[in-house]
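Written out below as structure tokens is the structure these notes cover.
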Amino acid sequence: MKELRKFDKVVNLAKTRGFIFPSSDIYGGLNSIYDYGPLGTELKNNLKKAWFDFMLARRDVVGLDSAILMHPQIWKASGHLDGFSDPLVDCKKCKSRFRADHLLEKKGIKPTFGKDNTPNMSDVKCPECGGELTEVRQFNLMFKTFMGPLEDSANQIYLRPETAQGIYVNFLNVLNSLRLKIPFGIAQIGKAFRNEITPGNFIFRMREFEQMEMQYFVHPDKTKDAFEKWQNLRMDWYKSLGIDPKNLRFREHAKDELAHYAKKALDIEYNFAFSENETFKELEGIHHRGDWDLSQHQKYSQQKLTVKDENNKEYIPNVIETSGGVDRATLAFLMEAYTEIDGGRTTTTESSKEKEVVLKLDKRLAPIKIAIFPLSKKTDLMAKAIEIYDSLATKYRLTYDETGSIGKRYRRQDEIGTPYCVTVDFDTLGNNLVTVRDRDTMKQDHINISELAAYFQEKFK
Ligand code: GAP
């Protein structure tokens, strides 16, 4: 039987171990929408906290949580209403739908779609059945809905396709209320929605997803330094949480790839290894957006969005954006952490010959920090284990497990990335010592219960 790819194994583990489920699963799922299960919620929350803490640790970055629904004019000003579309073709025979630019790229043709520019697709056939394709149509990716009881165009609004616009339209509020001076950044995490034509690769490209974005407002003369600073900081963040540098790289966008307003853009890519041909893919973008966004909002809102320099000269700040996907980062950390050990790591258990899976997540990201086991289901051992659980539960996310052999329980925790397991055995009742086992080294420490809190404080500092 053909060995599964690592990516498929991670998808499988995510579902069977409670990280990520297809949305509306009992109804057959909803295409490219996913729910985070109990462990996925913890992992994602830890990741978002790590991002927010990292960004706000800079003295010049503040946070924001803007609404998903916004004034529809915002999308006119930002260019999303007119330009946020993908070129789409359908197969006339099998009805499959494709991104025209992707089909051209596969044929080695550089696609340049524009308002007045549609490349010739007559030589391109359906990759599924060889059928003839329709003309290229531009398909806007924004989800529409209506506000209020009347479903007419006057009440049409959109689910935001990026969180960034919520930051731009709050620029003035944040600047004035906190009396900030340029340069400063506004960071926020939130849901975004895109009616993607070809979603896929699990949580890599979804229709409902989360972004973690920061817009850094800076004087036009200082953009080069700001860009370099943020590209390095963001790359370091992924490395600091355990991604091997060899699986990360920068990819600078060529001039003809840039959005019309962008001065420079580069992606931080991760080696997702979806297939032999699909290895490094975008994880996060660093963009020099010039003064496009604030200028547009100034024009459409008729509100002055300028600041003054030291010579009292007014200008519109430029923006360096860091724009990452929470879900893509979650997938990257899961892929990176997934480790198989052939033949197992322990030789004394009944399943020692089996392949063992260890999810080597950074401790800060691990959904469960500590597992507590009584060696057996004896009442006094269980009571002691629960006492320990209760004493640590306000500080750490814990789990309690009393079923199966200790070896099996260790392996269940290894699979979900729990860094430490604490076992209460018969000796504990006499000498108050528990065994703490480390996920990665399998080293066992014997710790007095009275010192457990201090022990873990050191481990998780
Ligand atoms: N504000 C700029 C912006 O939204 P983007 O490159 O379109 O830029 C930024 O998106 C990041 O959001 C991407 O690098 C990716 O991590 C994430 N992202 C974009 N579309 C996504 C989708 N359909 N599913 C999951 N993540 C997505």
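Cβ atoms here come from the backbone N, Cα and C positions, even for glycine.
Just so it is clear, the model here is predicted, and its values are computed rather than measured.
Going by TrEMBL, these are the annotated features:
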- Arg99, Glu162, Phe209, Glu210, Gln211, Met212, Glu213, Glu321, Thr322, Ser323, Gly324, Gly325: substrate binding site (BINDING)
- 194-196, 204-209, 282-283, 325-328: ATP binding site (BINDING)
- 8-367: domain 'Aminoacyl-transfer RNA synthetases class-II family profile' (DOMAIN)
Inquiry  = If the substrate binders are Arg99, Glu162, Phe209, Glu210, Gln211, Met212, Glu213, Glu321, Thr322, Ser323, Gly324, Gly325 per the record, what's the largest distance between their Cα atoms, in Å?
reply    = 27
Remark   = By a 10 Å Cβ neighbour count, the lowest-scoring of the binding-site residues Leu283, Val326 is Val326
Remark   = Near ligand 1 by the Cβ criterion (under 6 Å), the binding-site residues from Arg99, Arg194, Glu196, Arg205, Thr322, Arg328 are Arg194, Glu196, Arg205, Arg328
Ask   = If you average pLDDT over the domain 'Aminoacyl-transfer RNA synthetases class-II family profile' (8-367), what do you get?
value = 94
Task = Taking the Cβ of Arg207 (ATP binding site) as the centre, count every other Cβ atom within 10 Å, in any protein chain shown.
result = 19
Query = Near Glu213 (substrate binding site), which residues of its own chain have a C-beta under 8 A away, given they sit six or more steps off in sequence?
reply = Glu162, Thr163, Ala164, Ile167, Ala187, Gln188, Ile189, Glu321, Thr322, Ser323, Gly324
Request  = Write out the long-range same-chain contacts of Arg328 (ATP binding site), meaning residues 6 or more apart in sequence whose Cβ is under 8 Å from its Cβ.
outcome  = Ile203, Phe204, Tyr270, Glu282, Leu283, Glu284
Message = Distance check, please: Cα of Arg194 (ATP binding site) against Cα of Phe209 (substrate binding site), rounded to an integer number of angstrom.
response = 8
Query = Cα-Cα separation of Gln211 (substrate binding site) and Val326 (ATP binding site), in Å?
reply = 5
Ask   = In sequence order, which same-chain residues at least six apart have a C-beta under 8 angstroms from Arg99 (substrate binding site)?
value = Asp86, Pro87, Leu88, Ile197, Thr198
Ask   = Around Gly324 (substrate binding site), how many other CB atoms lie within 10 A of its CB?
value = 23
Ask   = What is the separation, in Å, between the Cα atoms of Val326 (ATP binding site) and Phe209 (substrate binding site)?
value = 8
Ask   = Using Cα coordinates, what distance in whole Å links Glu196 (ATP binding site) and Phe209 (substrate binding site)?
value = 11
Query = Arg194, Arg205: which of these binding-site residues has the sparsest Cβ neighbourhood within 10 Å?
reply = Arg205
